[in-house]
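Structure first, then comments.
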Amino acid sequence: MHRSIATVSLSGTLRQKLEAIAAAGFDGIELFEADFINFKGTATELRGIVADLGLSIDLYQPFRDFEGMPEAQFLRSLERAERKFDLMEAMGAPMMLCCSNTSPLSIDDPARAAAQLHELAERAARRNLRVGFEALAWGRHTSLYGQAWNIVKQADHPHLGLILDSFHTLSLKDDPAGIADIPGEKIFFLQMADAPLLAMDVLQWARHHRSFPGQGDFDVVGFFEQVLRTGYTGPLSLEIFNDIFRETPNRRTAVDAMRSLLYLESEARQRLAAVQPQRVELFNPPPVAALSGLSFIEFAADEASALTLDTLVRQLGFRRIGRHRSKAVTLYRQGEINFIVNAQPDSFARGRFEAHGTSVCALGVRCADPLAAVGRATAMRSKRHDSPVGPNELRVPAVVAPGGNLIHFVPEALGANGLYEADFILEDEAPEANDAGLAQIDHVALGLAVDQLDTWVLFTRAVLGLEAGESLELADPFGLIRSRGVANAGRSVRLVLNVSLSQRTRTARTLSVTGGGAVHHIALRCDDIFEAAARLRANGTRFVPISDNYYDDLATRIDLAPELLARMRAAGVLFDRSPAGDYLHIYTESFEGGLFFEVAQRVGAYDAYGALNAPARMASQAQD
Ligand code: MG
Ligand code: MG
């Protein structure tokens with residue numbers, strides 16, 4: 001497909017936007033009028049810059065408040081249109097977007113609107129330009145694509161067609177199924193946008209909260225599928241108004257934008273494959289790899305913090321398995337959980353995290369075919385990372401996640417532990433001395449900067465094939481946290497994405513020392529939380545104390561056996577219940593003022609993360 005993006009979707013000056021768009025591999029742009037008005041050159045100069053970058057200007061937009069007007073306003077608007085056509089000719093833009101009228105002067109008369117658009121198209125045709133008519137969700141008399149199509153049909157001019165925008169249709173909960181009945185050649189242009197489901201005024205929603213396909217909650221794939229069923233072969237474009245994208249460095253946004261189109265095409269391709277031969281080539285990446293669990297977590301540490309971490313990790317019931325054959329790297333294990341502490345002075349991790357004490361620098365996920373998984377990731381515009389490998393060591397392919405951490409793909413065939421034993425000189429430490437019964441990594445929670453949440457949702461969907469759960473807002477004593485779980489279908493890989501909406505929360509402070517995208521806590525799963533908590537305490541692990549008031553309140557909310565409530569109160573264990581099952585968990589004190597651990601027990605098919613209890617933990621941490 002010809003891939004395009006509206007300049008309004010990115011931050012920066014027009015030239016910076018164009019450079020970022022070209023660097024991300026787009027074919028063309030929609031020129032947002034304000035970007036041109038504030039540009040210091042002429043239309044002809046812009047044409048040169050765009051051409052030098054290998055781009056085309058596919059659409060000039062928007063032309064407002066045109067159709068259905070009283071005669072005097074209509075004639076003035078035709079003059080206005082002629083001046084825009086002059087510019088379009090000079091810059092080489094073949095099409096103008098005319099969006100449905102919002103003016104109180106406009107008249108609710110589709111025949112008048114059709115006649116006036118016919119005249120506009122006639123003027124455009126004299127210069128071999130085209131006009132696309134788009135229904136805005138807040139248009140005064142035309143808000144649905146069906147209404148806009150009726151007007152375009154009545155106008156019946158070869159230089160007039162329909163522009164579709166997924167936001168306007170999906171935000172009004174209009175049914176996109178009717179699109180498939182429109183002749184593909186009368187759809188002139190397609191704009192795609194996703195958005196989170198929000199209960200707010202549609203204009204505010206549209207102007208501030210749109211996101212790239214795959215970042216929000218709309219069925220954008222279903223919408224795109226309907227458009228492809230018409231035989232449409234025109235541009236696939238993104239038009240995203242988003243407050244955060246206006247601030248985010250535009251190179252990053254442009255990569256997200258391209259990833260979102262590739263994801264959209266590949267998903268639509270799968271749905272359409274069985275239905276019809278494709279008239280356009282849709283992106284066909286390697287399939288998403290089936291992940292089967294979190295295999296290891298790697299910490300970057302300096303020599304001093306590696307020693308402190310050694311004590312902490314042993315208190316958590318891990319035993320030291322071995323030293324790496326060629327690096328200052330130590331392996332710890334409990335159950336199927338592997339922790340790797342990397343104190344290698346020249347490591348990738350240390351290079352990035354030098355000034356920041358201990359942080360997580362890599363995660364390992366198990367899958368059947370790591371090379372296929374890396375192939376998927378690079379097809380979706382993630383960078384591959386190859387670590388230096390010594391003699392007799394296994395190469396574990398990795399990709400760079402947003403923010404810079406690595407995700408390694410560990411071959412399942414090696415078994416839960418096989419990989420490491422090839423690379424490590426094993427120690428003969430007395431086994432099971434401190435074992436606390438922790439069996440698996442339940443989830444890894446990341447603290448993200450506000451502008452990274454959408455990036456991560458799309459990365460985990462498009463690259464790792466994870467599904468996003470609902471977005472929750474949680475109260476920290478110093479601000480709100482937005483939290484969203486993402487997991488694979490088998491629920492063996494779970495990440496929690498946390499964003500602080502305030503600068504003053506602990507989550508935000510964790511970020512400020514790591515620059516964002518940092519692991520915030522690690523949850524380890526056990527079969528018996530009371531047994532695990534008792535053993536961990538005996539090992540010297542310290543837990544965040546929970547207020548008595550919490551348990552008094554819990555008893556009023558949930559019908560619990562008094563003995564269970566008493567045990568939880570005595571052990572400081574938190575509790576959540578869903579219709580599917582229960583979740584019992586406890587948090588350790590944080591390490592070096594940052595990272596901490598959670599110990600969790602899932603009962604039944606409980607599928608969340610005890611988010612309701614996070615405020616109890618955050619309040620307790622704030623009272624340290
Ligand atoms: Mg639009
Ligand atoms: Mg958690």
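Backbone N, Cα and C define each Cβ position, glycine as well.
Quick caveat, the model's predicted, so the values are computed rather than measured.
Per TrEMBL, the features are as follows:
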{"type": "BINDING", "residues": "Glu134, Asp165, Gln191, Glu239", "note": "divalent metal cation binding site"}
{"type": "DOMAIN", "residues": "293-412", "note": "domain 'VOC'"}
{"type": "DOMAIN", "residues": "440-589", "note": "domain 'VOC'"}
{"type": "BINDING", "residues": "His443, His521, Glu598", "note": "Mg(2+) binding site"}
Residues within 8 Å of the His443, His521, Glu598 Cβ centre (excluding the Mg(2+) site residues themselves)
Asp442, Val444, Ala445, Val496, His520, Ile522, Ala523, Leu524, Tyr587, Phe597, Ala600, Tyr609
Residues of the domain 'VOC' (293-412) by DSSP state, where helix covers H, G and I:
33 helix, 47 strand, 40 coil
If you take the centroid of the Cβ atoms of Glu134, Asp165, Gln191, Glu239, the listed divalent metal cation site, which other residues of that chain have their Cβ within 8 Å of it?
Leu97, Ile163, Leu164, Ser166, Phe167, His168, Phe189, Leu190, Ala193, Ser237
Out of His443, His521, Glu598, point to the one nearest Gln191 (divalent metal cation binding site) in space (Cα versus Cα); all of them are binding-site residues in the record.
His443
As a check: which entries in His443, His521, Glu598, the binding-site residues, place their Cβ less than 6 Å from an atom of ligand 1?
none
Set of same-chain residues at least 6 away whose C-beta sits under 8 angstroms from Glu598 (Mg(2+) binding site)
Asp442, Ala445, His521, Ile522, Ala523, Leu524, His585, Ile586, Tyr587, Thr588
Cβ under 6 Å from ligand 2: qualifying binding-site residues of Glu134, Asp165, Glu598:
Glu598
One finds that other Cβ atoms within 10 Å of the Cβ of Gln191 (divalent metal cation binding site) number exactly 25
Secondary structure composition of the domain 'VOC' (440-589) [DSSP: H/G/I, E/B, coil]:
53 helix, 58 strand, 39 coil
For Asp165 (divalent metal cation binding site), which residues in the same chain are close in space, meaning a Cβ under 8 Å from its Cβ, but six or more apart along the sequence?
Glu134, Leu190, Gln191, Met192, Ala193, Glu239
Binding-site residues considered: Glu134, Glu239; fewest surrounding Cβ atoms within 10 Å belongs to Glu134
Tally every other Cβ atom lying within 10 Å of the Cβ atom of His443 (Mg(2+) binding site).
22
Could you please provide the mean pLDDT value for the domain 'VOC' (293-412)?
87
